[in-house]
Amino acid sequence: MGVYLGKYCYIMIIMLVLVLGKEVRSQLLKNGYYSTSCPKAESIVRSTVESHFDSDPTISPGLLRLHFHDCFVQGCDGSVLIKGKSAEQAALPNLGLRGLEVIDDAKARLEAVCPGVVSCADILALAARDSVDLSDGPSWRVPTGRKDGRISLATEASNLPSPLDSVAVQKQKFQDKGLDTHDLVTLLGAHTIGQTDCLFFRYRLYNFTVTGNSDPTISPSFLTQLKTLCPPNGDGSKRVALDIGSPSKFDESFFKNLRDGNAILESDQRLWSDAETNAVVKKYASRLRGLLGFRFDYEFGKAMIKMSSIDVKTDVDGEVRKVCSKVN
């Protein structure tokens with residue numbers, strides 16, 4: 001009996017250490033981390049993102065997705081920025097990632113002013129915030145102080161959310177990162193400025209569940225529209241906005257699309273069919289001039305701060321890379 005209790009206590013201590021370790025790591029982040037060491041850090045990142053945005057506004061969803069994919073694999077440590085045949089960028093879910101050149105540009109500008117000070121992980125977190133702000137979305141204070149990870153493995157990217165995931169699987173993947181159902185729905189609201197290839201949803205139009213029919217959850221009028229955009233004989237590479245109603249504006253229309261059966265991705269539309277996620281979607285979709293529902297812009301900022309604190313690295317297990325695409 002004593003042996004079993006001893007093993008149980010040992011396991012509980014290990015679990016407690018892991019939980020407290022994550023909590024301590026997230027507390028190492030703070031607003032204005034570079035206020036003394038590199039006072040212009042955030043403004044340099046902002047101006048860099050803005051210059052790229054002015055040339056191509058679609059870079060905003062690319063940067064947001066890049067940050068999301070970084071945080072869900074190895075934590076928010078810039079590991080997705082590392083190049084290599086076996087690095088995260090080589091994983092199937094990461095093919096087509098955009099915005100890498102923006103981060104490299106910002107890093108080069110920062111190195112010229114504050115060499116070896118600002119991490120690539122922080123640049124990415126700041127750039128994601130700025131990309132939302134430039135798309136008429138909310139802005140929020142980004143706690144900084146992350147260090148860059150030294151490991152990037154394509155095999156670790158299997159836990160990234162997929163457009164084929166059920167709601168249960170989506171919930172579990174987010175829960176594994178310390179994010180709840182409210183965070184899940186809120187963060188997927190980023191699809192209001194997102195894009196995807198026809199390849200990732202064409203099956204819903206022509207051969208749903210191998211029946212030869214269309215997904216019945218798609219509204220008839222929207223189905224006609226999607227078939228025009230993505231014909232059955234196309235190569236699947238055409239880019240389609242995930243929120244056709246207001247593709248370049250960060251707003252609540254994405255949630256109204258779920259309500260109306262106008263979601264592009266199956267995983268998004270499924271949020272309407274689950275009672276728990278449906279309740280959150282309704283709160284966002286029904287909001288009218290701040291009188292009803294949740295404020296999506298405010299809640300999104302909170303969820304992003306929470307997500308950007310996932311498994312951050314410290315001086316012990318991280319570094320400040322000189323070049324974001326490779327470890328020092």
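Each Cβ is built from the backbone N, Cα and C atoms, and glycine gets one as well.
As recorded in Swiss-Prot:
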type	residues	note
SIGNAL	1-26	signal peptide
DISULFID	CYS38-CYS114	disulfide bond
SITE	ARG65	site 'Transition state stabilizer'
ACT_SITE	HIS69	active site, proton acceptor
BINDING	ASP70, VAL73, GLY75, ASP77, SER79	Ca(2+) 1 binding site
DISULFID	CYS71-CYS76	disulfide bond
DISULFID	CYS120-CYS324	disulfide bond
BINDING	PRO161	substrate binding site
BINDING	HIS191	heme b binding site
BINDING	THR192, ASP243, SER246, ASP251	Ca(2+) 2 binding site
DISULFID	CYS198-CYS230	disulfide bond
CARBOHYD	ASN207	N-linked glycosylation site
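Location within the structure of each feature annotated in Swiss-Prot.
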residue : record                             : DSSP (3 states)
ARG65   : site 'Transition state stabilizer' : helix
ASP70   : Ca(2+) 1 binding site              : helix
GLY75   : Ca(2+) 1 binding site              : coil
CYS114  : disulfide bond                     : coil
CYS120  : disulfide bond                     : helix
THR192  : Ca(2+) 2 binding site              : helix
ASN207  : N-linked glycosylation site        : coil
ASP243  : Ca(2+) 2 binding site              : coil
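Looking at CYS114, CYS324, the disulfide-bonded residues in this record, the fewest other C-beta atoms within 10 angstroms of the C-beta turn up around CYS114. Least crowded of the recorded positions (CYS71, VAL73, CYS120, CYS198), judged by neighbouring Cβ atoms within 10 Å of its own Cβ: CYS198. Between the CA atoms of PRO161 (substrate binding site) and GLY75 (Ca(2+) 1 binding site) there is a gap of 14 Å, rounded to the nearest whole number. With all protein chains in the displayed structure included, the most crowded Cβ environment within 10 Å among the disulfide-bonded residues CYS38, CYS76 is that of CYS76. The closest partner of ARG65 (site 'Transition state stabilizer') among the recorded positions, by CA position, is CYS71; the full candidate set was CYS71, GLY75, CYS120. Here the candidates are the recorded positions HIS69, VAL73, ASP77, SER79, ASP251. The one whose C-alpha lies nearest to that of ASN207 (N-linked glycosylation site) is HIS69. Counting only residues at least six positions away in the same chain, the Cβ atoms of ASP70, VAL73, ALA87, GLU88, ASP148, GLY149, ILE151, SER152 sit under 8 Å from the Cβ of SER79 (Ca(2+) 1 binding site).
For the binding-site residues ASP77, ASP251, the largest tally of other C-beta atoms within 10 A is found at ASP77.
Within the same chain, the residues at least 6 positions away from SER246 (Ca(2+) 2 binding site) whose Cβ sits under 8 Å from its Cβ are THR192, SER253, listed in sequence order. Ranked by Cα separation from CYS71 (disulfide bond), the binding-site residues ASP77, HIS191, ASP243, ASP251 are led by ASP77. A Cβ within 8 Å of the Cβ centre of THR192, ASP243, SER246, ASP251, the residues given for Ca(2+) 2, is found for these other residues of the same chain: ILE193, GLY245, PRO247, LYS249, PHE250, GLU252, SER253, PHE254. Apart from ASP70, VAL73, GLY75, ASP77, SER79, the Ca(2+) 1 site neighbourhood in this chain, defined by C-beta within 8 angstroms of the site C-beta centre, holds CYS71, PHE72, GLN74, CYS76, GLY78, VAL80, GLU88, ALA121, GLY149, SER152, ASP311.
Across the recorded positions listed here (THR192, ASN207), the residue whose Cβ sits among the most other Cβ atoms within 10 Å is THR192.
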